[in-house]
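What Swiss-Prot annotates here:
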BINDING   ASN25, LEU27, GLY52, GLU73, ASP99, ASN118  S-adenosyl-L-methionine binding site
Amino acid sequence: MTDLPPLRDVVNRHGLYATKALGQNFLFDEQLLDRIARVPGKLKGENVLEVGPGPGGLTRALLRAGAKVTAIEMDKRCLPALAELADAFPGQLTVIEGDATKIAPETLFDGPWHVAANLPYNVGTQLFTGWLSGQDWPPQWKSLTLMFQLEVAERIVAQPGTDAYGRLAVLAQWRATPRIATRVHRSAFTPPPKVMSAIIHVEPAAMPEGVSARMLERVTEAAFGQRRKMLRQSLKGLPGALDALETLGIDPQRRAETLSVEDFVAIARLLTK
């Protein structure tokens, strides 16, 4: 195993500090980082996309697990530290300077890949929903292992009838299986955020037949955009939606948070042309 200096020493030597503008919070606990890297299963020889590696804490753990990592980092300050990691693990790490929201992962890999990332808080949900919303399914990614604020993680795995249940839960669960792999105390980060965090692990599931992902997005956007209103109000602007409720025997006086993921899929199926 490659001997590496302590991560804190690397951060101090390169004068790195987490910036709020980039949504950064660094993890230094190597045991925790190794545990996160084990969540996707065996990664030896597997392609892994990491977004926002910062000084390379999780990157180290992924490399130690034998992964072939492609890391996208927009903070120029972190590039020298990542270059040192690339030298320590020849042929295993590729670093791309850029904005992950503007880079299509499909252009980076010849085959399937995993995503493992302590996502910057300010773009985490945007990236996550982007990975979930592809029209082609199953996707080219094999799994997503992502750090989120605990509140967001709970929204991803939420069940109908709960306060956390909403559009994010439906989009995450209708053709994938998300779970909270572990919770992470705020004290594990430098600087400590104001909230707790959690690791979400997602694997693709079978695609329901006859349903357009785009239509499901439209249905959930309308329904949860006015979540306190009855469906007859929130969905009235979506052509055919009220007829779909009648066909399915769904009471239009119900509210969006009472419908199951399967209910939303059924509505979208009837509206898919």
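Note that Cβ sites are derived from N, Cα and C of the backbone, with glycine treated the same way.
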Does GLU73 (S-adenosyl-L-methionine binding site) have same-chain partners at least 6 apart in sequence with Cβ under 8 Å from its own Cβ, and which are they?
GLY52, PRO53, GLY54, LEU79, LEU82, VAL95, ILE96, GLU97, GLY98
Which of the listed binding-site residues (ASN25, ASN118) has the least company, meaning the fewest other Cβ atoms within 10 Å of its Cβ?
ASN25
May I ask which residues of the same chain, at least 6 positions away in sequence, place their Cβ under 8 angstroms from the Cβ of LEU27 (S-adenosyl-L-methionine binding site)?
LEU33, GLY57, LEU58, ASN118, ALA188, PHE189, THR190
Greatest C-beta neighbour count within 10 angstroms, which of the binding-site residues GLY52, ASP99:
GLY52
